[in-house]
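Database features, via Swiss-Prot:
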type	residues	note
DOMAIN	21-192	domain 'EngB-type G'
BINDING	29-36, 56-60, 75-78, 142-145, 170-173	GTP binding site
BINDING	36, 58	Mg(2+) binding site
REGION	195-216	region 'Disordered'
COMPBIAS	196-216	compositional bias 'Acidic residues'
């Protein structure tokens, strides 16, 4: 099945967040992890989501409707960008927190992880938060084309240890690596086909603390 994305609406404030009955999968990740590029790769369009070499480009919650299936992929603001103001980071944190807490149709959280980097604390915090709160987790390594095959394998193993044996998918927006596999996982997640990982022993369960951690 061939799917694409249509940008339906964008929310910059808490009041602009919308309530949808259709299943939703949130995309989360550090600033400059390649979320916008991945959205474009999924949509097979170059400029659906604006990309930038400057971290922190996505400062809103973007709702993309998946056609023809009808579920939504929701792109959340990137976290960990130290160059923006503290007030701006707090604003993003509240926006992310409100979305996750209030979204009754959230089917899972796709966390994007830079394949070039060892597991980062903010990413570990977010994946632990998802597992502790029984949010089905889909870990995705981005920029796989920037790493050698051995590096990809090593990074998958590192994350598997942290995620109870779950290896993340490897993707590359520029080459299309892993995009078809990612679509299969997203469809299954939207349909409720993936179960949540086992709860992490030391994972934070309080929403505001966890979200503040990853946006601080």
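Note: Cβ is positioned from N, Cα and C throughout, glycine not excepted.
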Could you state the whole-number distance in Å separating the C-alpha atoms of residue 145 (GTP binding site) and residue 36 (Mg(2+) binding site)?
16
Residue 36 (Mg(2+) binding site) in three-state DSSP notation
helix
Measuring Cα to Cα, how many Å separate residue 36 (Mg(2+) binding site) from residue 173 (GTP binding site)?
9
Across all chains shown, how many C-beta atoms besides its own are within 10 angstroms of the C-beta of residue 33 (GTP binding site)?
27
How many other Cβ atoms are found within 10 Å of the Cβ atom of residue 60 (GTP binding site), counting all protein chains shown?
16
